[in-house]
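**Student:** To start, I am sharing the structure in question, which I have written as structure tokens.
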Amino acid sequence: MNTAHHMLLYGCGEPGTMKTTWNCGEMAQSSGEDMVSPCGPHSHSQIIYAWARDAKKLNLPEGVGFKVGKDSPTKYLVLQVHYAHIDKFKDGSTDDSGVFLDYTETPRKKLAGTLLLGTDGIIPPMKTEHLETACEINENKVLYPFAYRVHTHGLGKVVAGYRVRSDSDGVQQWLQLGKRDPLTPQMFYNVSSHEPIVAGDQIAVRCTMKSTRHRVTKVGPTNEDEMCNFYLMYYVDHGETLDMKFCFSQGAPYYYWANADTGLHNIPHIQASNLIL
């Protein structure tokens with residue numbers, strides 16, 4: 001983590017360019033180089049894996065794998081490495097940060113998918129703010145969650161994810177999928193509940209941010225900005241994974257779970273280390 005701030009492994013239909021390496025975002029803004037996304041502009045794009053803060057390796061459950069190549073929409077794997085500081089490279093030093101992958105040509109019966117939930121938004125100076133998002137599962141598939149990962153920058157205090165399902169009385173029951181201090185190793189952890197997720201359920205995520213800055217902090221890619229991400233890794237025991245790969249909201253001050261148009265109610269209190277969120 002003292003070299004690479006975090007890494008993202010993308011599955012692409014086409015890469016952003018056929019170059020071996022390229023600048024993919026904020027680095028290009030200061031260098032004057034062209035900015036090219038990890039995946040092509042009209043290509044299939046999904047985040048398969050993410051790493052940060054000296055996270056340990058991820059082992060998938062027995063018989064579970066990500067489908068790539070051949071008749072899969074993922075034809076290329078692109079590794080995106082984020083560096084918080086580049087001082088150690090100014091003398092010409094290089095880096096070999098990366099990800100080791102295990103693969104097999106024997107098809108897996110259980111296909112893995114990753115759903116990335118996140119927000120846009122603004123965090124006011126010297127205040128605690130909630131960045132929240134929620135999306136309904138509207139595909140006729142049964143998802144078996146097995147791992148989750150959270151990601152913020154320095155202002156994050158806790159990130160929590162839930163499955164929201166209405167009971168027979170119409171009351172929404174919030175089942176915790178995972179809750180984490182985002183400043184601990186940002187690896188994939190076992191979910192709090194392996195209960196299946198089905199069509200009609202909602203996945204809801206809250207990031208609690210506490211600003212000690214005397215300026216507004218926006219959601220963005222650099223270390224001066226913030227992020228609110230919750231990665232939910234799941235598998236299906238037959239058929240394909242979700243077509244939906246991402247679930248993002250406008251975030252604060254525009255989107256909150258409590259807004260009338262979200263349809264969310266019975267919202268739980270989320271507690272972490274002396275802070276009622």
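Along the chain as shown, residues are numbered 1 onward.
Placed from the backbone N, Cα and C atoms, the Cβ positions cover glycine too.
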**Student:** Going by the disulfide annotation in TrEMBL, which one of Cys39, Cys135, Cys207 is bonded to Cys247?
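**Tutor:** Record-based pairing for Cys247: Cys135.
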**Student:** Regarding the disulphide bond with Cys12, report which of Cys24, Cys39 TrEMBL records as its partner.
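**Tutor:** Answer per the record: Cys39.
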**Student:** Name the cysteine that pairs with Cys207 in a disulphide bond per TrEMBL, restricting the answer to Cys24, Cys228.
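**Tutor:** Disulfide partner per TrEMBL record: Cys228.
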**Student:** Going by C-alpha positions, which of the recorded positions (His153, Cys207, Met227) is nearest Cys135 (disulfide bond)?
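**Tutor:** Out of the listed candidates, the nearest Cα belongs to Cys207.
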**Student:** Name, in the order they occur in the sequence, the residues of the same chain whose CB lies under 8 A from the CB of His6 (Cu(2+) binding site) and which sit 6 or more residues away.
**Tutor:** Ala50, Trp51, Ala52, Arg53, His82, His151, Gln186
**Student:** Measure from the Cα of His5 (Cu(2+) binding site) to the Cα of every one of the disulfide-bonded residues Cys12, Cys39, Cys207, Cys228, Cys247, then give the nearest.
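**Tutor:** Closest candidate to His5 (Cu(2+) binding site), judged by Cα separation, is Cys228.
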